[in-house]
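J.: Swiss-Prot lists these features:
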type     : residues                       : note
ACT_SITE : His315                         : active site, proton donor
BINDING  : His132, His134, Lys212, Asp355 : Ni(2+) 1 binding site
BINDING  : Lys212, His241, His267         : Ni(2+) 2 binding site
BINDING  : His214                         : substrate binding site
DOMAIN   : 127-556                        : domain 'Urease'
MOD_RES  : Lys212                         : N6-carboxylysine
Amino acid sequence: MNPYAYAATHGPRAGDRVRLGDSGLTIRVESDAQQYGDEFLAGFGKTARDGLHLKAAAVRDTCDVVISNVVVIDAAQGIRKVSIGIREGRICSIGRAGNPDTLAGVDVVVGTGTSIVSGEGLIATAGAVDTHVHLLSPRIMEASLASGVTTVIGQEFGPVWGVGVNSPWALRHAFSAFDAWPVNIGFLGRGSSSDPAPLVEALAEGGASGFKVHEDMGAHTRALDTALRVAEEHDVQVALHSDGLNECLSVEDTLRVLDGRTIHAFHIEGCGGGHVPNVLKMAGVPNVIGSSTNPTLPFGRDAVAEHYGMIVSVHDLKPDLPGDAAMARDRIRAGTMGAEDVLHDLGAIGITSSDAQGMGRAGETVRRTFAMAGKMKAEFGAPEDHDNARVLRYLAKLTINPALAHGLAHEVGSIEVGKLADIVLWRPEFFGAKPQLVLKSGFPAYGVVGDPNAATDTCEPLVLGPQFGAHGATPAEISVAFVAQAALDQGNDRMPTRRRRVAVRGTRGIGPADLRLNSRTGAVDVDQRTGLVTLDGDPIRSEPADSVSLNRLYFL
């Protein structure tokens, strides 16, 4: 077979290159687990049959589901073509699929009772982890799932002024509400309190998995130190939206309060909130895990104009008041927006998130992250004839790094044996924009569906929508609730959710050095007069894009 016919049938081989949508990014397949000439393939007259590449054995001795011959892009695995075996919702094996009785070198034993997801020609990534979601509407989950997000760390439980949920009563109902959605969920408690009692209550009695300290509710010395002390005691993360007015603390003061303790600094560029004008200084600090929210990604020509109205709306400002108008404008800085993209490319900012309905868009984090990668390639070039390193660096910002920051990485964030089979399948031409299928614990949960009255499932109109994993009792059975260990130790669990409870862990004493492929630290400075950003004395800037990829070609 010529290479093009082979790729169309069995997927790309080692050394083949694949373009990712219209992002301008290209990956090169590093290895292929198939045995050429004896490939595993399902279909009429193909090799996935009893006596050939299917082993006649009980499912418990093989796997429940196999994703065959898919190109995996993963911070842990690299970029390789493999098959993925799934048993009881977890990844049980990765490598060559088939029947060890008839094929040498089999890693994924496929039985006559195994369901097959044909991955030939598709790309697999771990489900994205969005750690910054304001849950002001349940419909956010539609946008998140349709973009490839399978884990959400949220705040609020509807259109209320929350910025963290502490009430055990409210958390109980919020967890129950999520039983309708096939996503893993964790809630941040409000950390803006001078007394630890409501924080401990949120963890132990409510099941919160961390804290959010927010300037709108108080990000002063006592509140920040209290949240950090409770977090250190209970091994949970603290997310910080720092004091933008510098009323109580400057960025230098905040770093002194941290005193080396780990924190996750939200929207570290500053337009989403934080110390004006130089919160970006926190990006290079060894104990600060910085993240960006998607409204400023990538830096575009309309970014400055767009954000004024969003800031006014989200923070309940009164633009007729000169002080309120000035506060909004002070947060919008073209220099830091342009530098943000470059700091991501250098690995100095390790996470991207949505800030959904708190200025961000729930369904755009994945595509804006890869649009930013494409913009950086267009502006600064690529060292090789492929973009593997850049693609893996940006994918890590969406998957393993947010999982590491919030203590979820023992369950989600990468395609590794033992982890939940939260896997997103993409057609290469739609990569980053629209998934083909979202598997939640290996079960089809969301994806492309055709006309329900058609003769085949591929008849148009094709739309993204819920699969069987999003119906009935299944969403809760295939998803988990992330909680503090204190909630499990309490022993009087009143949460009625049917989800398995999983304790977060490993959130303290970590920093950028512990993130995958995004470990750059250094002295980041912002000139308060000109807005120029430097990293270790070198100017950091990029130009605003006139257009961005993964956008109008795919969405009206």
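Any Cβ shown, glycine's included, is placed from N, Cα and C.
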J.: Do me a favour and check the Cα-Cα span between His132 (Ni(2+) 1 binding site) and His241 (Ni(2+) 2 binding site); whole Å is fine.
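T.: His132 (Ni(2+) 1 binding site) and His241 (Ni(2+) 2 binding site) have their Cα atoms 11 Å apart.
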J.: Can you tell me which of the recorded positions His134, Lys212, His315 is spatially closest to His241 (Ni(2+) 2 binding site)? Compare CA atoms only.
T.: Lys212
J.: Whole-number Å distance between the CA of the residue listed as 'substrate binding site' and the CA of His134 (Ni(2+) 1 binding site)?
T.: 13
J.: Taking only same-chain residues 6+ apart in sequence, whose CB is under 8 Å from that of the residue listed as 'active site, proton donor', what do you get?
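T.: In sequence order, the residues whose Cβ lies under 8 Å from that of the residue listed as 'active site, proton donor' (at least 6 apart) are Asp216, Gly273, Ala328.
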J.: Would you count the other C-beta atoms found within 10 angstroms of the C-beta of His132 (Ni(2+) 1 binding site) for me?
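T.: His132 (Ni(2+) 1 binding site) is surrounded by 30 other Cβ atoms within 10 Å.
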J.: Please list residues from the chain of Lys212 (Ni(2+) 1 binding site) whose Cβ is under 8 angstroms from its Cβ, counting only those at least six apart in sequence.
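T.: Counting only residues 6 or more apart in sequence, the Cβ neighbours of Lys212 (Ni(2+) 1 binding site) under 8 Å are Gln155, Val163, Gly164, Leu188, Gly189, Arg190, Gly191, Ser192, Val238, Ala239, Leu240, His241.
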J.: Test of understanding: give the count of other CB atoms lying within 10 angstroms of the CB of His267 (Ni(2+) 2 binding site).
T.: 28
J.: If I restrict to non-local contacts, at least six residues apart, and a C-beta distance under 8 angstroms, what lies near His134 (Ni(2+) 1 binding site) in its own chain?
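T.: Gly154, Gln155, Glu156, Gly162, Val163, Asp355, Ala356, Gln357, Gly358 - these are the non-local Cβ neighbours of His134 (Ni(2+) 1 binding site), listed in sequence order.
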J.: Taking 8 Å from the centroid of the Cβ atoms of Lys212, His241, His267 as the cut-off, which other residues in that chain fall inside it around the Ni(2+) 2 site?
T.: His132, Val163, Val213, His214, Ala239, Leu240, Ser242, Phe266, Gly272, Gly273, Gly274, Asp355
J.: Centre the Cβ atoms of His132, His134, Lys212, Asp355, go out 8 Å, and tell me which other residues of that chain have a Cβ in range of the Ni(2+) 1 site.
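T.: Near the Ni(2+) 1 site, beyond His132, His134, Lys212, Asp355, sit Val133, Gly154, Gln155, Val163, Ala239, His241, Phe266, Thr293, Ser353, Ser354, Ala356, Gly358, Gly360.
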J.: I want to verify one value. Collapsing DSSP to three states, which class is His315 (active site, proton donor)?
T.: coil
J.: Over the domain 'Urease' (127-556), work out the mean pLDDT and round it to an integer.
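T.: Over the domain 'Urease' (127-556), the predicted model scores a mean pLDDT of 94.
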